[in-house]
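Novice: For reference, the structure I am asking about is given below.
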Amino acid sequence: MLSRLRVVSTTCTLACRHLHIKEKGKPLMLNPRTNKGMAFTLQERQMLGLQGLLPPKIETQDIQALRFHRNLKKMTSPLEKYIYIMGIQERNEKLFYRILQDDIESLMPIVYTPTVGLACSQYGHIFRRPKGLFISISDRGHVRSIVDNWPENHVKAVVVTDGERILGLGDLGVYGMGIPVGKLCLYTACAGIRPDRCLPVCIDVGTDNIALLKDPFYMGLYQKRDRTQQYDDLIDEFMKAITDRYGRNTLIQFEDFGNHNAFRFLRKYREKYCTFNDDIQGTAAVALAGLLAAQKVISKPISEHKILFLGAGEAALGIANLIVMSMVENGLSEQEAQKKIWMFDKYGLLVKGRKAKIDSYQEPFTHSAPESIPDTFEDAVNILKPSTIIGVAGAGRLFTPDVIRAMASINERPVIFALSNPTAQAECTAEEAYTLTEGRCLFASGSPFGPVKLTDGRVFTPGQGNNVYIFPGVALAVILCNTRHISDSVFLEAAKALTSQLTDEELAQGRLYPPLANIQEVSINIAIKVTEYLYANKMAFRYPEPEDKAKYVKERTWRSEYDSLLPDVYEWPESASSPPVITE
């Protein structure tokens, strides 16, 4: 781990910005925003009332990071690691983001998917300290006063969930708060968005999870989920309260709402507020980026693909709609593009006239039934003969060996995306995909899988189609540009910006996404491209327009190095403060 540490350390008072504070003594150590642990300098200890409250040694952030990594190595349980890492955030915010940024590839699966799903399911059992804002259905009429209780005055990014569809785990109620918290950690770690500008929110309207309603450690309302007009009124009141306090251009990201509400709220609020839904639009952008990367490998334009989805919920529909936009950009009409996309859900293939209900959002991808109607997903593959299958059902190993072999027999280079989270819900493993297609497939997954070595010695590095490639960079650009509304074209631009960062060498390794180790650079580059797009298309409202967009973005990213807490000390000219000599 020493190789990951920043070997050049400079005295904090010289290298760091000065942070003006009013607190002194113990409160500085109890506030994670100002606490440095053993890294307070001697001058800070003496002038800020800390001398004697800490052991005499003065540490660098490097040593603190090294201590963290050595302690982490002693732990074996992912949940134990999660509790330890998030405990660092509660005590020392700068150190938390320093260690996360230094080893993002290894630590992201702990602070976010897949471990965050386990942490959410155990939220009441591992609870240490509340994070974020909790608003319940019982608070109707008083939401603004609750928002006013949040101590930060300059929030620019809100991630909100109602806990109904947490990853592939279903309705977790307020236990879902771990998702907004984890998401905003990645806003900061990947894109440098200031943590004090971020607000995680959980809307509690009850839960239909019977196990939680019987759990003595559950922390939400002990009632069935409210699905009446009162629920809609609460969301309306929340949106108004946030923007009344923090401004109309405050970014509000909807996260893990149920399918019906996710689409409904996106359509309802997108022209009124600065909002997006990561499950719909973020997932769509990262999936499209993977397809655009596959296009580079097989030299087959996206407009010539036939795509079959396993799942027809918000993720599938979001991906499908963005693929349609890309196909239209490549010369097809909207109707021609929609006809190239099929969906298979738990009731079977989406076809006209089927008994199972079809949502209005699914209608563009509901086609006339083929001559032989498939009973299983494998049948659908053999009948429709798709070039690409995309799994977003969250139902486990439904890309069976027979499905994968069928794709390999139909296509020279089959595209197989198993995007469901967490790992246990993935449609197949990377090893299954590469082995059963003899290394010919182009594979991406929603959860991390390690490199796969085939019997002939070839090694493939599967790409992880994680939304983290998209949402931090998009959020940074939107915030810096004072954007008022976020169109789907922004996510199309982000997908293209992501694909453009892949090297030929990485494509040859089987990667459809850049290495996660490069996520900070990737996110900043996406933010730059999206910023350029927003200004070029009159969607940016921060003036004057910066001439150098790259410089503008890079100069406004938050850093994890410690700030100096000392007041500015400087000299005045002696003559300016000396009284004149009075002569009689």
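For all residues, glycine too, the Cβ spot is worked out from N, Cα and C.
What Swiss-Prot records for this protein is below:
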TRANSIT   1-18  transit peptide
BINDING   Arg67, Arg91  fumarate binding site
ACT_SITE  Tyr112  active site, proton donor
MOD_RES   Lys156  N6-acetyllysine
BINDING   Arg165, Asn421, Asn466  (S)-malate binding site
BINDING   Arg165, Asn259, Ala312, Glu314, Ala315  NAD(+) binding site
ACT_SITE  Lys183  active site, proton acceptor
MOD_RES   Lys224  N6-acetyllysine
MOD_RES   Lys240  N6-acetyllysine
BINDING   Glu255, Asp256, Asp279  divalent metal cation binding site
MOD_RES   Lys272  N6-acetyllysine
MOD_RES   Lys346  N6-acetyllysine
Novice: Have a look at the recorded positions Tyr112, Lys156, Lys183, Asn421, Asn466 and say which one has the shortest Cα distance to Arg67 (fumarate binding site).
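Specialist: Going through Tyr112, Lys156, Lys183, Asn421, Asn466 one by one, the Cα closest to that of Arg67 (fumarate binding site) is Tyr112.
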Novice: Need one number for the (S)-malate-binding residues Arg165, Asn421, Asn466: the maximum pairwise CA distance in Å, whole number please.
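Specialist: In whole numbers, the farthest two Cα atoms are 18 Å apart.
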Novice: I want to check the contact list for Tyr112 (active site, proton donor): same chain, sequence separation of six or more, C-beta distance under 8 angstroms. What comes out?
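Specialist: The list for Tyr112 (active site, proton donor) reads Gly182, Lys183, Cys185, Leu186, Val468, given in order along the sequence.
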Novice: These are the recorded positions: Arg67, Arg91, Lys183, Lys240, Lys346. Which one scores highest on other Cβ atoms within 10 Å?
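Specialist: That would be Lys183, with the highest Cβ count within 10 Å.
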Novice: Which one is it, among the binding-site residues Asp256, Asp279, Ala312, Ala315, Asn421, that lies nearest to Lys240 (N6-acetyllysine) by Cα separation?
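Specialist: Sorting the binding-site residues by distance from Lys240 (N6-acetyllysine), the top entry is Asp256.
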Novice: At the level of the C-alpha atoms, what whole-angstrom distance separates Arg165 ((S)-malate binding site) and Asp279 (divalent metal cation binding site)?
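Specialist: Just about 10 Å between their Cα atoms.
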Novice: Round to the nearest Å and give the CA-to-CA distance linking Asn421 ((S)-malate binding site) with Lys224 (N6-acetyllysine).
Specialist: 26
Novice: Measuring C-alpha to C-alpha, could you say which of the recorded positions Arg91, Lys156, Asp279 are within 10 Å of Glu314 (NAD(+) binding site)?
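Specialist: Passing the 10 Å Cα cut: Asp279.
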Novice: Starting from the Cα of Ala312 (NAD(+) binding site), work out which of the recorded positions (Lys156, Lys224, Lys272, Asp279) are within 10 Å.
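Specialist: Close recorded positions: none.
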Novice: Would you list the other residues of this chain near NAD(+) - those whose C-beta lies within 8 angstroms of the C-beta centroid of Arg165, Asn259, Ala312, Glu314, Ala315 - in sequence order?
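Specialist: Neighbours within 8 Å of the Cβ centroid, excluding Arg165, Asn259, Ala312, Glu314, Ala315: Ala262, Asp279, Ile280, Gly311, Gly313, Ala316, Leu317, Val392.
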Novice: What same-chain residues, at least 6 away in sequence, bring their CB to under 8 Å of the CB of Asp279 (divalent metal cation binding site)?
Specialist: Arg165, Phe254, Glu255, Asp256, Phe257, Ala262, Glu314, Ala315, Gly318
Novice: List the other residues in this chain whose Cβ sits within 8 Å of the Cβ centroid of the divalent metal cation site residues Glu255, Asp256, Asp279, in sequence order.
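Specialist: Counting only non-site residues, the set is Thr161, Arg165, Ile166, Ile179, Phe254, Phe257, Ala262, Asn277, Asp278.
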Novice: List only the single closest residue to Asn466 ((S)-malate binding site), chosen from the recorded positions Lys156, Lys224, Asn259, Lys272, Lys346 by CA-CA distance.
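Specialist: For Asn466 ((S)-malate binding site), the spatially nearest of the recorded positions is Asn259.
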Novice: Relative to the Cα of Lys346 (N6-acetyllysine), which of the recorded positions Arg91, Lys156, Lys224, Asn259, Lys272 has the closest Cα?
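Specialist: Checking each of Arg91, Lys156, Lys224, Asn259, Lys272 against Lys346 (N6-acetyllysine), the shortest Cα distance is to Asn259.
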